[in-house]
Amino acid sequence: MKTKTDFLKMKEQGEPITMLTAYDYPSAKLAEEAEVDMILVGDSLGMVVLGYDSTVPVTVEDMIHHTKAVRRGAKETFIVTDMPFMSYHVSLQDTMVNARRIVQESGAHALKVEGAGEVISTIHYLTNAGIPVVAHLGLTPQSVGVLGGYKVQGKDAESAKKLIEDAKKCEEAGAIALVLECVPMQLAELISEQLTIPTIGIGAGQKVDGQVLVYHDLISYGVNRVPKFVKQYTSVQEEIVRGISQYVAEVKTRQFPEEKHSFTMKEEECLALYGGKQS
């Protein structure tokens with residue numbers, strides 16, 4: 001399993017880091033088989049798995065439950081778990097309780113937190129307690145209400161400078177990596193050059209140290225539309241619907257199950273059971 005040291009070395013050597021979300025045993029197992037470097041159990045599970053309109057309703061219990069499943073499916077992959085909405089915008093003591101629960105109960109190797117400001121002290125606090133932290137700047141889904149929706153961040157010089165400052169503060173506080181979401185590629189490149197920790201981009205262009213996408217977006221599974229920054233590498237959704245539709249049709253017309261899908265009794269047992277009457 002790759003570690004923080006490996007990711008730092010990959011950045012130094014210019015080897016891109018691959019990260020993918022996973023939310024359950026099968027998706028994690030497939031991600032590991034595909035040799036993904038890092039798995040993110042994102043609070044995006046609220047939208048793509050649980051059917052919520054945002055990540056806000058996701059709880060600490062949800063994150064623990066799904067991370068445990070992911071750990072069972074990807075035992076040799078570094079796993080990062082999101083701290084959900086309002087689980088770390090509380091007192092440092094309560095933040096530690098939530099963080100401890102997620103790490104101890106789920107087996108996550110690191111936690112991800114969104115934003116800067118007071119979150120910088122949270123990163124420092126958790127790091128000092130021995131919990132690796134991944135920071136997340138740019139578009140932070142838990143704060144879309146404050147940001148005015150899902151919009152690109154850092155498009156003007158002033159806000160870009162603020163993001164650069166925040167990125168440096170995240171590193172100084174002890175973050176082991178930084179996710180940059182929906183920021184101009186020029187800004188992402190500049191931030192990546194000024195940090196020693198890896199930057200993982202999602203809608204941040206090529207000049208970052210790694211990329212992350214949502215599992216369901218990448219394979220077109222249960223999603224009707226995807227953001228501009230997503231490339232869909234396959235469409236399992238069409239195959240799944242086709243397969244289920246065929247199953248429904250064959251059951252309705254009694255084509256399924258066939259004899260080869262059924263079990264039989266020996267003739268003498270049939271006679272003993274109901275006098276040999278067979279349907």
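A Cβ is built for glycine as well, from the same backbone N, Cα and C atoms used for every other residue.
Record note: Swiss-Prot gives ASP43, SER44, ASP82 as 3-methyl-2-oxobutanoate-binding, and the candidate from LYS9, LYS11, LYS112 in that site is LYS112. Here the Cβ of GLU181 (active site, proton acceptor) has 23 other Cβ atoms within 10 Å, regardless of which shown protein chain they belong to. Residue pair LYS112 (3-methyl-2-oxobutanoate binding site) / ASP82 (Mg(2+) binding site) shows a Cα separation of 5 Å.
Spacing of GLU181 (active site, proton acceptor) relative to SER44 (3-methyl-2-oxobutanoate binding site) is 13 Å (Cα to Cα, whole number).
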